[in-house]
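*Asks:* Dropping a structure here in structure tokens format, bear with me for questions.
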Amino acid sequence: MAAPGERGRFHGGNLFFLPGGARSEMMDDLATDARGRGAGRRDAAASASTPAQAPTSDSPVAEDASRRRPCRACVDFKTWMRTQQKRDTKFREDCPPDREELGRHSWAVLHTLAAYYPDLPTPEQQQDMAQFIHLFSKFYPCEECAEDLRKRLCRNHPDTRTRACFTQWLCHLHNEVNRKLGKPDFDCSKVDERWRDGWKDGSCD
């Protein structure tokens, strides 16, 4: 141990540990200034008082943070726009879909697949379509939506025996989701008009 008057001095050959396990050896041959303080001690104090530099805009840390963006497929348009209020850029139509847009397009694809499904599918076609629906629920981009769909499929397995069975099964599944979201039911007797043949009034001709 050092004598009371010698606390803080490092003799030649003594070792001390720095953060990270690095070791540094202090030598006694440092020149002293007019007040008797070591130049090395003065330099250490000066460097300790220098504030740490914040990451610049072109630093890897800042660049990595700028790339992190919320999941558009997981939120609706209004929520997404609230996160973009500080941006001056105008909304473009060719941006990634938000949760509502993704849902609309996904249901359109599923209903159209059902509308053109074979009237009397083979056993292999029945199995393939049922498997497709289950795989769709596993890879759907909105995880909350996908989890909800998987739970519904466990309770209500896809009915792919015929085209009529499949279109009605999908329509009732869609209505279950609509009710959860507070949306009105769709008239399932009109699935062919909506997704294959067009409305009887000729408005789609």
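Cβ atoms here come from the backbone N, Cα and C positions, even for glycine.
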*Asks:* Just choose from CYS154, CYS188 the cysteine that Swiss-Prot connects to CYS171 via a disulfide.
*Replies:* CYS188
*Asks:* What is the average pLDDT across the domain 'ERV/ALR sulfhydryl oxidase' (95-195)?
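*Replies:* Overall, the domain 'ERV/ALR sulfhydryl oxidase' (95-195) comes to a mean pLDDT of 98.
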*Asks:* Compare the Cα of TRP107 (FAD binding site) against each of the disulfide-bonded residues CYS145, CYS171, CYS188 and report the nearest.
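*Replies:* Closest by Cα: CYS171.
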*Asks:* Helix, strand, coil residue numbers for the domain 'ERV/ALR sulfhydryl oxidase' (95-195) per DSSP?
*Replies:* 73 helix, 0 strand, 28 coil
*Asks:* Please give me the binding-site residues out of HIS172, LYS180, ARG194 that lie within 10 Å of CYS142 (disulfide bond), comparing Cα atoms only.
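*Replies:* Checking Cα-Cα distances against CYS142 (disulfide bond), none of the binding-site residues falls within 10 Å.
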*Asks:* In whole Å, how far is CYS145 (disulfide bond) from GLY103 (FAD binding site) when you measure between their Cα atoms?
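*Replies:* Cα of GLY103 (FAD binding site) to Cα of CYS145 (disulfide bond) measures 9 Å after rounding.
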